[in-house]
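This report concerns only the one structure given below.
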Amino acid sequence: MGDAEPLVRWDWIGRNWPSIQTLLVDHVIMALVPVLLGLIIALPLGLASVRWRLLYQPTVSLMNVVYSLPSLAVFIVLIPLTGLAERATVIIPLTFYSLAVLIPAVVDGLGSVPDHVSQSAVAMGFGPMRRLLQVDLPIAVPVVLAGLRVATVSSISLVSVGALIGRGGLGYLFIDGWQRQFYTPIVVGIVLVVALAVLADGLLVLAQRLLTPWARARRTA
Amino acid sequence: MNWLFDFFGNGDNWSGSDGIPMRLLEHIEFSVVALLLAMVIAIPLGLLIGHKRRGAVLVVVTANAARALPTLGLVVLIVLLVGVGTTWPVLIPLVALAIPPILVNTYEGIRGVDEDLRDSAYGMGLRGGQVLMKVLVPVALPLILLGLRIAAIQVVATATVAAYVGLGGLGRYIIDGLATKDFPSTIGGAVLVAVLALVVQLGFSLLQRVLVSPGVSRRAKVR
């Protein structure tokens, strides 16, 4: 590598844009599917933990343990089951990481419903299901979404570690750049991953504004 | 399972510079050094901005951006920029990734201390520095330790990834095993790293129990 190697060679990006795009799409799929699965699983589990308090502590402890496992180690241990360089090998562990963030978020969110509000709902004749859907869950939205933001951002960033087992979306650019001692792919990869994370985070903030219109109404009142 | 027996049952894997004890020690050494460096930078800074209540926005924005940074990319880029060959450049990304959780939790911990508590400390005649060290830090300790725990686990995991660019430690088994299709070594390394991470997690839970004042932790439970 010459001394004058620039951090970014723009012509390289232009020439390789189609393959970068393919990696980007792969990255988005492998990052977002786990968060979506995590949310779908965390809602009933969180509800169950609120309903049966005894379940909560063991679930949270287990999730703490899961969360502390290094992603690379988990990918590797899964290879015999799901295969090398397969999407599932990355998606399954990331789903568990999402769960580890989302279950406590759902439980805390439902816990943030003030007592007088749920009592009013009961007094107004809301059944358990209607109370959940129309009162408890909407009030829980800010806390759940805060968890969702953490889960999404870390999922987007963690996918790239999968490159070490041959399936890491944009993470491939890091391996490529390292092997050729060439900065451009690495910089492109980092910028795109961070941009994806910022974009996803922004969309979730927007979703929160749309889902909780009363929060703004109260502020302006 | 057979692979695990192949790896842990092989006597060669237990001795020499490539043996499990040496690799484990290496991994712990890098992790401890990186964590200590991060603490030296992040804790005073967190205490300062938490106590003076300035620069908070900058911290939160930086920390959020740092969470999105892909560790593998950062490791590869920094090592390429700083120079390949020696081990120490690899420590830079480890330290960089450990700083945000420590900084944010220290700051949030100090900032979140009850206003009345802070006022009564001043009212009792304590000075700024004394209020910080005798009241704010002990009360904020659970959060500060949480930040340290997150950072430690992150460092252990990233040190594994950093084996890709030549760092020693347990990651070597994983990276070298993948390169040579030696799956017993890969899986064995992965299991060792996972166990190490769990020990770190457990260690911090114990540390928390020992260090945090009972008054503080009991109050936390009531909340």
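The backbone N, Cα and C atoms fix where each Cβ goes, and this holds for glycine too.
Taken from TrEMBL, the feature domain 'ABC transmembrane type-1' applies to B:24-208.
Taken from TrEMBL, the feature transmembrane segment applies to B:30-49 (among others). The list of residues near the transmembrane segment (B:30-49) in space but at least 6 beyond its ends in sequence, with Cβ under 8 angstroms from a Cβ of it, reads 55-56, 59, 87, 90-91, 94-95, 98-100, 102-107, 109-110, 132, 136-137, 144, 148, 151-152, 155-156, 159, 162, 167-169.
Within the chain, the transmembrane segment (B:56-84) has long-range Cβ neighbours (under 8 A, six or more residues past its boundaries) at 46, 49, 90, 92-93, 96-97, 99-101, 103-104, 107, 111, 157-158, 161-162, 164-166. Taken from TrEMBL, the feature transmembrane segment covers B:56-84 (among others).
Feature annotation from TrEMBL assigns transmembrane segment to B:131-150 (among others). Within the chain carrying the transmembrane segment (B:131-150), a Cβ under 8 angstroms from the stretch's Cβ atoms is held by residues 35, 39, 43, 46-47, 50-51, 101-106, 108-110, 112-114, 117-118, 121-122, 200-201, 204, 207-208, 211-213, 216-217, 220, all 6 or more beyond its ends.
What TrEMBL records for B:156-175 (among others) is transmembrane segment.
Marked as transmembrane segment by TrEMBL: B:187-207 (among others).
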